[in-house]
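What TrEMBL says about this one:
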TRANSMEM  12-38  transmembrane segment
TRANSMEM  58-76  transmembrane segment
TRANSMEM  97-120  transmembrane segment
DOMAIN    140-226  domain 'CAAX prenyl protease 2/Lysostaphin resistance protein A-like'
TRANSMEM  140-159  transmembrane segment
TRANSMEM  171-189  transmembrane segment
TRANSMEM  195-224  transmembrane segment
TRANSMEM  245-264  transmembrane segment
Amino acid sequence: MKYLKMSAFILLYLGVYFILQSYLGGMAGLFYSIKAIIQNPLNINPNEILEPVLKNTVFILILASAASFFIYWGAFKLRKENFFAFCGFSGISKKNIFYSLLLGLSLVLPVNFFVSLLSIDKLSPDVQNMFKIIFEDNSAFMLLLGIGIAGPVIEEIIFRGLILKELSKNMSAVPAVIIQALLFGIYHLNLTQAIYASVLGIILGVVCLWTRSIWSAILIHVFYNSSSVILSKVPGLEAYSLGHALPIVASSVIALAALSTVFINRRNPITPNS
């Protein structure tokens, strides 16, 4: 019975953000479809619908993230539970802030390198093409606001806050971390992101448990995504980074050192049924 209740809550947490994104995306698609029909009813070009929707994907993500946050907060308010305490918005030391930032920044190059080396990016070519349009048609500011901040914050609340807590109440830390990481990967709905997002989900889940604060996972995720945005927007920087061994090796060493330091300085992990 407890697992049924846990599963229901997890599906609810996942569903809110997913439905909001789908609804807003569908409304945008409907708007541009009507616009295309009015402008040229006899010769409708699907790209005239798809491209503006993709261009507005970042804005849709920001709206869905904000709306989801208030829905989650409101639901806990109705249940008379402290939303922020449940998700693990507890204090974090200055040292852990520093190491979280360092880990987020240093993970980008090794992950991108192995994605390229193992041709993982070629597993979902259509998705990669869509990402190319999104990154090319949006300013660095919008990408940083949406992909660098809003997306990571709401994803951490969902996966390392709500879902990891639900799992941790019903099972030990190891399966809880693995399950939330797999859900995090699957939630991206494409094989390329599912693979490396699952690995990142394990790192984020472990760090969250070690520090007993969701802030560490949020900082890592925000700086990881923001670094990816910056690399994509600075001409030649990504090609240089992936084409030279030194920055990749250095980033890997820094990431490993930061993760090891967080482990050494960890507080008591969250126990099951707590």
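Glycine residues also receive a Cβ, built from the backbone N, Cα and C atoms like all the rest.
All TrEMBL annotations are machine predictions without curation.
Confidence across the domain 'CAAX prenyl protease 2/Lysostaphin resistance protein A-like' (140-226), taken as the mean pLDDT and rounded to a whole number, stands at 95.
For the transmembrane segment (58-76), the residues of the chain that approach it from at least six positions outside its boundaries are 13, 16-17, 20-21, 24-25, 28, 82-83, 86, 134, 138, 142-143, 145-147, 150-151, 153-154, 157-158, 162, judged by C-beta separation under 8 angstroms.
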